[in-house]
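Working notes for the structure below.
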Amino acid sequence: MENPAFEKSKDDPPLYEETPFSSNGYGNGDHRSVRPSVVSAFGHDTLDRVPNIDFYRNAGSVSGHRAIRPSLQELHEVFEKNGDLDVHDTMDDGEGSDVLPNDDLEAIASPEDNGGVVKFGWIKGVLVRCMLNIWGVMLFIRLSWVFGQAGSGLGIIIIILSMVVTTLTCLSMSAICTNGVVRGGMQIGITWAYYLISRSLGPEFGGSIGLIFAFANAVAVAMYVVGFSETVVDLLKVNDAIMVDEVNDIRIVGCITVVLLLGISVAGMEWEAKAQIALLVILLLAIANVFVGTAIPATEEKRAKGFYSYQASIMAENFTPNFRDGETFFSVFAIFFPAATGILAGANISGDLKDPQGAIPIGTLLAIFITGITYLGIALCVSATVVRDATGNLNDTITPGAKCNFSVACNFGYDFSICRTTKCQYGLMNNFQVMTMVSGFGPLITAGTFSATISSALASLVSAPKVFQALCKDNIYKALHFFAKGHGKNNEPIRGYVLTFVIAVAFILIAELNIIAPIISNFFLASYALINFSCFHASYAKSPGWRPAYKYYNMWLSLFGAVLCCAVMFVINWWAALLTYAIEMFLYIYVTVKKPDVNWGSSTQAVTFVNAVNNALTLSGVDDHVKNFRPQCIVLTGTPKTRPALLDLAHSITKNYGLCITCDVFVGPRLEQQQALTAAMEQNQMWLNQQKRKAFYAAVASDNFREGAESLLQASGLGRLRPNTVILGFKRDWKTVYTANVQEYVGVLHDAFDFEYGIVMLRISQGLDISHILEAEGTQEQNKACVGMAEMLFAISMTSSRGTNSAVTAQKITMEVPHSSDVAKINQRLVEASSQFKRKQGKGTIDVWWLYDDGGLTLLLPYILTTRKKWRECKLRIFIAGQPGHLEQDKEEMQSLLKKFRIKCTDITVIADFNIRPSSENWKLFEDMIEPYRLHEGSKDTAQAEALRKEHPWKITDAELDRFEDKTSLQLRLNELLQESSRAAKLIIVSMPIARKGSVSDHLYMAWLEALTKNVPPTLLVRGNHKSVLTFYS
């Protein structure tokens, strides 16, 4: 088979293929030559490849095939063994990928499904949509009222403040959307506003703001439809065609309208886009009609309604504010601000754009500028031509000789002073249809109002379901996954449309625009605040992956934008702002607790990493203090799941407050073990996370267990975050394994003491290792799968043989794992014992046999356990050694010491008979236990004894037994005392005896530990490093 990594001949010219990709990050469709092979470039055969964009694609990319670069192992090792290596140039989705398919930012749909997908450019997809959404309900039916209340002076500030908020948000949005390929997720139509927040700040913020933003868009539909309905009802009123009353007519018209809009939206993006273009044309004509109409001389009818063409006196009078009906600057701002919220209309359909990176910044910024100028132009024109109050009565002219000082209308022959006491129907303050009155052709303004409201409602009706669909597809809130399903070639969220429809109808029934608008302002300001904060947060994290192509932003400007949005929220309505952020915090906490299985490379992760490094460095500059000592544990569990009791106990000690590293040693040649080690690193850390164990997993490959453990003891940790305590299990099979295994085990203990670690050894009578049970369960599952397959094949064969003359006899296949009842019972007891520390311990005692002062670790560990929820009902009992005749004094001294340490215990027992010789039965059992390991050189002559020592240097000599007879006696006697006094304890903690290096043989030491801990409840042998870990000083 030809190796695709090489060309046929290195003398041939280099081959090139045309691959479409974006050369400048904006997806402009440029085609660049890509060299698939680099043989000719370097002049010799090589697997190394030149840089190529296809190596950096994610699985499922629609803009090109993902290629696999040669692995480091292929370059480093394989060709030394054989020169024939098959390296694939491309890969299937998910195969060999270093990312999951749902992490792909480019994967929109499978290539075979991309036919017929509608894609838009920056004008049609962003500029037009943003302008139509910004030129919404406020343009023709509330802008004049805003300037009537606030005056043209403060009105200009309201528009500028809105533009400042939206421009800052757009700058932040542009920076984020140009930081890589923006596709908004895996499916077409997923909204980008939710995408940028969630992928930047993580699922906690993204999930909460996604729900709020989707809800805001749904409510926006209601606001625009209510504005449309107001205009329709005004027409009905003029023509005396009111159906019920004004409020109920708004509800009726609104509900009918939203049903029609739903039909247009469900018809698909192409129909919706065509409708948008038609609406834009009408809207532009209506806007031009306003400017033209204000320049036409006023008729007598219009003069009676307060329109007098351009007059400096009118402009001067309308310059100052005149707030009425309890309105303030910020309440008027809250009603106007939804007019500026359309800046995300283009970004919301980024999945349907040809080039989101280029389209979103230029289209949105240009839309903000054009619409802002339009708002200012129309508002100033109206403020210079229409007075605040007018009656509309042609007879309200000034009578000769009468005084008139109500308004500037007096200068033009009209006296509207009756408006001081009576509610008038016309003027900036009273008539929401002022634009229709001042225009050159009134019906065109009505059509423009319909265009502005319908286009904005349509955009929001499209956006809200797509935001919600994006959120549901991420499965952050599992209960909402029902709404993730899409339909049709554009994956339309039909279920989301229905939900949006229900929400919109609910708010349409309010039928009051001035009530709905502040609600939307609140939600959109919260969304904009988080967009700005996302940009600031990503910049602040200084992640190498933060490289936006759009450079016209500043992290501090983004932070200012976020603070400005929050401040405006609270000034508009403090309790609504508090409620909004309370909802966000609730959703944030919910997602934090549930921990969805997503990894988006958010800036939160980057900041967490930076803070962790800085805190570790800060900690390294501070000397350790005894008051801050806590056990930092390195736990020799092997694979964590195989020794659950050891892991559970270690977790109880460290919990959320200390370092816990579970360690594994892969014994064997490093190169052979490397693949298994690499796989185990990820699998076991994932298992720890799934089991909610706050622990790390570390593994090394070594030729033997001791060398591997030594490497872990020396290299584990970082700065001050280094382990100080070794936790391991008692080697229960020491009597049956090879001598080298025992030597390695005891050697690890010696190494730990050499490195000044404290040691904690756990012994449970039933044992700790359940790996054989886990393996049996895995085998049994495989057998069940085989049985299921056999049964299925048998059923198929029986079905296929029906109707034939041949008689088929079949026998059901069964597979069983043979096991004896005794083995099953032993395994059952082992499993129960291994899970005992997972359960709440209930009332009982932790007996602490503090025989040697090791710095206080033997006392500190049980105290820490009693602070944990599972051990809280257990009380401490302290046992100490004392001298005959001084028992009370020794007890009082210990009571005083514990009081100073502020450690409570229920009882202190002083033992004075440690020196009593253990029973002869125990001596006999001990001697029988060590018999296979004794040298018995005393019964041999000198030459034979010396030969035995050389042949078996690890065996226990007679001289050694004689020299350590007292110490052996102590271990046996201590076991008798443990059985007498602590048989009912939940846990026994006893000072660990130390074997001096070179003096005590490994098997004798193991025999001591065996004799000390046999036939007693779960026991911890503890020995600190003889440095104080307790203090009574403040």
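Placed from the backbone N, Cα and C atoms, the Cβ positions cover glycine too.
Automatic, uncurated: that is what TrEMBL annotation is.
Given the ranges 180-197, 846-863, the record in TrEMBL names 180-197 as transmembrane segment. Segment contact is absent for the transmembrane segment (362-387) and the transmembrane segment (250-269), given fewer than three CB pairs below 8 angstroms at sequence separation of 6 or more. Mean predicted confidence for the domain 'SLC12A transporter C-terminal' (643-1034): the pLDDT average there is 86. Per-stretch counts of Cβ pairs under 8 Å to the transmembrane segment (329-350) identify 126-147 as the leading one among 126-147, 153-173, 250-269, 523-541. Note: the stretches the transmembrane segment (153-173) and the transmembrane segment (275-296) are not in contact (fewer than 3 CB pairs below 8 A, sequence gap of 6 or more). When Cβ-Cβ distances below 8 Å are used as the criterion, the transmembrane segment (250-269) is approached by residues 118, 189, 221-222, 225-226, 228-230, 232-233, 243-244, 275, 349, 352, 454, 457-458, 461-462, 465, 488-490, 492, 494, 497, 501, 504-505, 508-509, 511 of the same chain, each at least six residues removed from its ends. Relative to the transmembrane segment (126-147), the listed stretch 275-296 leads the set 209-229, 275-296, 497-517, 523-541 in CB pairs under 8 A. Cβ atoms under 8 Å from those of the transmembrane segment (497-517) belong to residues 137, 141-142, 215, 217-219, 221-223, 225-227, 229-230, 247-248, 250-251, 254-255, 258-259, 262, 265-266, 334-338, 461, 464-465, 468, 483 of the same chain, restricted to positions at least 6 beyond its ends.
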